[in-house]
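Data block below; observations after.
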Amino acid sequence: MPNSFVFDSNRCTGCDACRLACSIENGLGPDRSWRRVETFNPKRHPALPAYHLSLACNHCNEPACLYACPANAYRRDAHTGAVILEEEKCIGCRYCSWACPYDAPVFDSSRGVMSKCTFCNHRLVDGLEPACVALCPTGALGFADVAEPEIENEIDGFPATELGPRTVIVPLKEGRWLPVMSAPVVDPASAPGKAPDDDIRLRSEWPLAAFTSMLAVLVAALAAATLDSFDLSPAAFVGGAALILGLASLHLGKPFRAYRALLNLRRSWLSREVTAVTGFIALAAAQLLWFPGSWPLAAVAVGLGLTALICADYVYTVLRASAHPLTHSASVAWTGVFLAAVFAGVGPLAGAVGLGKLGLYVGRKLGFRRGGRPVRPAISLLRVGVGLVVPGLLWAVDPARFHELIVAAVVAGELVDRAEYYVELERIAPSRQMSIDLERRIAEGGANRDVPAPRPALAAID
Ligand code: SF4
Ligand code: SF4
């Protein structure tokens with residue numbers, strides 16, 4: 001059962017046959033494939049090795065995709081070991097593509113679902129090799145029954161994880177700078193079937209930023225109303241709830257299957273978040289509309305709301321963020337507490353959480369400055385000035401008189417911080433790993449190593 005891909009970087013010429021074989025075998029069309037060929041050191045820094053990596057799903061021992069999927073759309077084939085995505089169960093939330101550090105799940109925008117390599121399970125059950133392996137002309141890509149301790153895949157550009165990826169990688173032999181017979185390296189940006197964009201972009205993820213912020217506002221408003229310190233009308237709550245549900249469904253490829261997001265409570269933070277949000281909205285609406293005097297019902301609803309916010313923070317732990325979500329100034333759980341204190345007029349709590357957020361925000365930006373990452377001073381000024389300093393000053397002058405203004409300023413500041421959070425998130429992916437490893441190798445002095453004389457075959461190609 002422990003089937004594995006075996007990839008020998010000494011033999012891969014970057015001919016792309018494996019990618020094409022995958023497209024043809026799985027009827028994906030010429031521009032789509034579940035396998036792709038990427039290149040380490042694509043511009044051929046002369047003192048560093050250049051090689052290709054043929055990448056697809058590694059059918060990991062601990063598949064992050066399967067654990068993350070809220071809809072239980074993944075399963076493992078007990079006979080072949082393949083991690084299979086059942087597309088008819090997928091809701092198109094794309095969370096598995098965030099969770100997989102190997103960029104294996106590919107979103108099919110025409111059908112609104114995710115798709116990925118099946119290990120050619122249909123061929124395996126017939127005793128055949130995967131199509132990519134069968135068509136590789138140099139024998140670089142192989143397939144074998146490999147025991148756990150024999151799996152080696154530590155190579156620059158291949159993210160090191162605890163997932164147990166079932167791909168054995170044979171690195172370039174000592175002293176070799178390019179694979180034998182290597183074709184001219186293709187610029188990865190223009191290669192067909194290139195790796196999907198590995199950034200989380202605010203332009204595409206803004207519904208999530210708005211959804212999580214609005215959820216914090218609703219939870220805080222209900223908490224303050226439960227303390228009798230805020231007037232929350234049922235119509236305002238129901239309108240806000242409809243808005244956040246609409247925002248959440250904007251993100252789904254298959255919104256009519258959204259109920260499936262409740263199915264993986266045991267393992268998926270996204271599933272837990274969706275379940276807690278559903279319970280929060282249902283109980284809060286019931287309390288406001290039909291049982292306005294029932295504080296126990298309101299308290300349970302607030303508890304579920306806070307749980308939803310904490311789960312929402314944990315959803316992002318599969319990504320590379322500038323800090324853990326709960327110790328990030330944009331944590332929606334802390335935003336919920338902050339806003340509840342502001343809505344209810346509880347000065348000491350609002351002051352303490354606000355100061356904590358200020359400290360986390362400034363600390364992060366100083367870290368960015370030291371690490372050479374963009375600081376965006378104008379945005380920082382907006383976040384701190386409008387969201388923390390102005391409300392603090394107004395509170396000091398007359399909190400009752402300026403209450404609406406304080407609330408508006410704090411909400412605006414939290415929205416800016418949340419938006420920045422999404423801008424700073426990064427997916428872990430081979431293409432990004434290659435850039436990171438290349439920069440590290442150059443910084444370590446790889447550029448000062450002796451450069452071997454070019455092989456005659458390579459000189460001819462160049
Ligand atoms: S490579 Fe990614 S998609 Fe494939 S099993 Fe591992 S985590 Fe899942
Ligand atoms: S439901 Fe979401 S996480 Fe599950 S397979 Fe579909 S896109 Fe991936």
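A Cβ is built for glycine as well, from the same backbone N, Cα and C atoms used for every other residue.
What TrEMBL records for 3-33, 47-79, 81-110 is domain '4Fe-4S ferredoxin-type'. Taken from TrEMBL, the feature transmembrane segment covers 208-227, 233-253, 274-291, 297-319, 331-355.
The stretch in closest packing with the transmembrane segment (274-291), judged by the count of Cβ pairs under 8 Å and taken from 233-253, 297-319, 331-355, is 297-319. Here the domain '4Fe-4S ferredoxin-type' (3-33) has Cβ contacts under 8 Å with residues 39, 51-54, 56, 58-59, 80-82, 106, 108, 117-120, 123-124, 130-146, 151, 155, 166-173, 176, 179-183, 185-186, 191-193 of the same chain, all six or more residues outside its ends. For the domain '4Fe-4S ferredoxin-type' (3-33), the model gives a mean pLDDT of 94.
Within the chain carrying the transmembrane segment (233-253), a Cβ under 8 angstroms from the stretch's Cβ atoms is held by residues 90-94, 107, 109, 111-114, 205, 207-208, 210-211, 214-215, 217-218, 221-222, 274, 277, 281, 284-285, 288-289, all 6 or more beyond its ends. Among residues of the same chain six or more beyond the transmembrane segment (331-355), those with a C-beta under 8 A of the stretch's C-beta atoms are 212-213, 215-217, 219-221, 223-224, 227, 229-230, 305-306, 309-310, 312-313, 325, 388, 391-392, 395, 399-400, 403, 406-407, 410-411, 414, 418.
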